[in-house]
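What follows is one structure encoded as structure tokens, with my remarks underneath.
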Amino acid sequence: ENREIDKIIKRWMYLSSVREVGWIKEFTPTYFKSSKVFKRYLGQIKNAKFSPDGTKIVSSSWDATIKIWDIESGDVIKELKGHTDRVNDAQFSFDGTTIVSCSHDNTIRLWDVQSGIEIKTLEGHTEAVTSIDISPDGRFIVSGSKDENIKLWYVQSGQIYETVYIGSSVHDVKFSSNGRDIIVASNWELKMLDLALIERVSSDNKSIGIGTHDLFERVIKTRNENTVMKMHNFCDSRNYFVASCLETGTIQISDIASGTTQYLNTYLAGASDIKYFPDGKTIVACLTDHTIRLWDPRSGEEIQELKGHSGPITSVAVSRNGNAIVSCSQDGTIRLWTPF
């Protein structure tokens, strides 16, 4: 702990000495400490994410359950049961009233947060559903599966809007933060799909299947064909970046506008999840060596290393205001990290 504090002090001294140089003048990173541990699992927790207002956490587990936690009390306020196999992903809707989950039971389920009751089940994938995301406008859910397809679903009706064949098992799928693209992580590639083009093709009643490579705006290969575990994106009026954590522990940052790629420090441990902070100035990733690392993506410098978990960390997420990090692990715990 003292060594970590020394590292923080040295970085503060460095920033103060160069505070008039370019973008450094504008950016002082936030440093975090472990502030709360949630313990109610006997087995592996798959992921944990914040509610939009930052007062709750939703977690999913290999025991086929989903839990909603009150952050202030640390208590489970709802336990959602319905999936029949491990739950791979769960997240709140943008208004915080609904949770969307996906599972190895091949289904996607929607839940009412207040009552904990299942609203509907979405069926269509033929193998495990590995990842889900909700479009920024709340109209669509996108899902990725081991059946090598992604599917777009209408949130309101629960009906399939379109299916796109990817060609290999999907590890992660996300809407871009501007809502224009769908980004798919599959084996050692990132594929970017134009949502507007998918909508036009669908409205023309054309089938989207094998060989629809024209839908892919861009295909980004990883270095040495390393498998993409998870990815996240940040875009604003001037920038568009996709950060990927690779199986080998490498962090790959792709600048979509310029087509350039940057690599951050490679560790002996594998990387399992990655997130941008809301302002795009910090990246946080979790590693199988039980640590969480924060980087400045522009300089490539590591900002902080967080320790506390006793097992490989499976997921990491950042609150909407950027003032908290949540992580979960195979050690059966969820940890909340807040600023010093």
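Glycine is no exception: its Cβ is also placed from the backbone N, Cα and C atoms.
Predicted automatically and left uncurated, TrEMBL annotations should be read as such.
Given the structure is predicted, the values throughout are model-derived calculations rather than measurements.
For 38-79 (among others), the entry in TrEMBL reads repeat 'WD'. Sequence-distant contacts of the repeat 'WD' (38-79), counting only residues of its own chain at least 6 positions beyond either end whose CB sits under 8 Å from a CB of the stretch, comprise 85-92, 94-96, 99, 101, 103, 105, 111, 113, 116, 273, 314-315, 317-321, 323-324, 326-330, 332-336.
Remote same-chain residues near the repeat 'WD' (80-121) are listed as 46-47, 49-53, 56, 58-68, 127-134, 136, 138, 141, 143, 145, 153, 155, 158 (criterion: CB distance under 8 Å, separation of at least six residues from the stretch ends). Marked as repeat 'WD' by TrEMBL: 80-121 (among others).
The repeat 'WD' annotation in TrEMBL covers 122-163 (among others). Sequence-distant neighbours of the repeat 'WD' (122-163) (same chain, 6+ residues past either end, Cβ-Cβ under 8 Å): 85, 88-89, 91, 93-95, 100-110, 169-175, 177-179, 182, 184, 186, 195, 198, 201-202, 208-209.
According to TrEMBL, the feature repeat 'WD' maps to 264-305 (among others). Distant neighbours of the repeat 'WD' (264-305): 4, 7-8, 11, 23, 27, 29-32, 47, 229-234, 236, 239, 241, 243-253, 311-318, 320-322, 325, 327, 329, 337; these residues of the same chain sit at least 6 beyond its ends, with a Cβ under 8 Å from one of its Cβ atoms.
Across the residues of the repeat 'WD' (306-340), the predicted structure has a mean pLDDT of 95. Residues annotated as repeat 'WD' in TrEMBL: 306-340 (among others).
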